[in-house]
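What follows is a single structure, written as structure tokens, with notes after it.
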Amino acid sequence: MKTIEDLEVTGKRVFVRADLNVPLSGATITDDGRIRAVAPTIAKLLARGARVVVASHLGRPKGEPDPQFSLAPVAVRLGEILGAPVAFATDTVGESAKATVAALGDGEVTLLENLRFNAGETSKDDAERGAFADELAALADLYVGDGFGAVHRKHASVYDLPARLPHAVGDLIATEVGVLKRLTEEVARPYVVVLGGSKVSDKVGVIDNLLGKADRILIGGGMAYTFLAALGHEVGISLLQKDQIPTVLEYLERGKANGVEFVIPVDVAISASFPDLKTKAPVEDFEVVDADAIPADKEGLDIGPKTRALFAEKIADAATVFWNGPVGVFEHPAFAEGTKAVAQALLESDAFTVVGGGDSAAAVRILGFDETKFGHISTGGGASLEYLEGKTLPGLAALEG
Ligand code: ADP
Ligand code: MG
């Protein structure tokens with residue numbers, strides 16, 4: 001793969017496919033981690049006199065303009081981070097985009113409106129995607145792929161566009177791939193994997209692949225209840241994916257056979273209902289019970305104190321830790337303790353620590369941890385997971401050669 005240093009960028013229009021898919025509350029960016037992550041690549045190109053055209057998706061609009069998914073607030077924040085004005089095009093490949101790009105001087109930058117306001121971006125039809133990629137290609141001379149969070153998508157701007165322009169990999173993707181190699185090929189042991197989040201089905205492939213690589217797999221979050229149910233415990237009204245129980249049982253078996261230790265919660269924090277994440281109203285019936293004593297009418301929403309200590313102990317001597325998925329509903333303070341404890345355990349270990357997953361990365365920041373103290377905080381949840389599953393990622397394949 002070529003890096004941006006290999007490109008002759010001065011005076012050239014350089015298309016940077018970034019992942020600026022940040023969480024928004026109205027027009028307010030609640031976590032700007034992804035913007036900050038790609039800013040150095042853009043700054044480097046600007047310093048070399050490139051005319052930078054940044055593009056990204058945001059949320060899941062349905063192939064047409066939808067103001068709630070506008071990148072306008074991101075343009076403002078990107079400008080603040082770069083310390084330079086960012087011209088915002090109010091469409092992606094239309095009149096505004098053409099005019100804004102044409103007006104760029106050397107060392108100036110524009111952000112195009114949401115790629116997914118165009119049906120061609122995500123189309124399953126090669127011709128439709130290709131036609132949109134042609135329109136994008138007309139706006140640039142060179143392509144830099146740096147939207148790590150989107151490299152697992154076979155989308156026009158990720159997969160088809162680099163085939164149409166001389167291309168290179170941006171610094172963010174280069175770093176991410178280097179980290180992923182340390183989690184798959186050049187692993188320092190003991191290697192501990194902490195998995196949480198809401199659904200087992202999201203993480204099944206990762207467990208499958210890491211069962212051959214990790215020494216310990218710690219299971220928290222909503223997926224823990226499918227593990228507990230597989231072990232025959234009552235899980236009340238907790239998140240449960242019954243159809244995944246056979247898979248989970250097979251993993252537990254394979255773990256035994258491969259000498260991979262599964263660590264399942266021994267106690268959990270429960271309530272009769274899912275907490276209100278908007279008002280963050282106190283949880284009146286908050287209670288901690290052993291994991292084999294969840295009442296039928298209660299929902300498990302975090303790991304309990306015994307599990308926090310157990311997880312910390314299992315992380316303490318690690319040389320490599322990969323963590324994906326909050327171990328509780330951290331968005332509510334009553335159920336954030338488990339996620340805090342995991343973050344703290346990572347910081348206290350001497351391991352190379354990697355946090356993957358959009359919500360996990362946001363959790364680290366929202367809960368007040370210093371992100372620079374972690375080995376690496378990945379910007380791409382799905383992309384990291386698919387890489388760890390052993391899959392070929394279209395956006396990386398497109399940057400080869
Ligand atoms: P990531 O984006 O880091 O990959 P996921 O998207 O898989 O993480 O999961 C994050 C979500 O999982 C959070 O919104 C959190 O509230 C939720 N979650 C964690 N524990 C539970 C639980 N016990 N029950 C329901 N949801 C949970
Ligand atoms: Mg998520």
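Each residue, glycine too, has its Cβ placed from N, Cα and C.
Where the annotation comes from TrEMBL, it is an automatic prediction and has not been curated.
Note that the structure is a prediction, hence the values are computed from the model and not measured.
Among the features that TrEMBL reports, substrate binding site is placed at D19, L20, N21, R34, H57, L58, G59, R60, R116, R153. N21 (substrate binding site) is surrounded by 23 other CB atoms, counting those within 10 A of its CB over all protein chains shown.
Sequence-distant contacts (6 or more apart, same chain, Cβ under 8 Å) of G358 (ATP binding site) comprise P23, G149, G381. Per TrEMBL, the feature ATP binding site maps to K203, G300, E331, G357, G358, D359, S360.
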Largest separation between Cα atoms (Å) of residues that the record links to substrate, namely D19, L20, N21, R34, H57, L58, G59, R60, R116, R153: 18
Spatial neighbours of G59 (substrate binding site) that are distant in sequence (at least 6 apart) but have CB under 8 A: N21, L24, Q68, F69, N114, R116
Cβ-Cβ distance under 8 Å to G357 (ATP binding site), same chain, at least six residues away: G197, N324, G325, S378, G381, S384, L385
Binding-site residues close to ligand 2 - of G59, R116, K203, G300, E331, only those whose C-beta is under 6 Å away: none
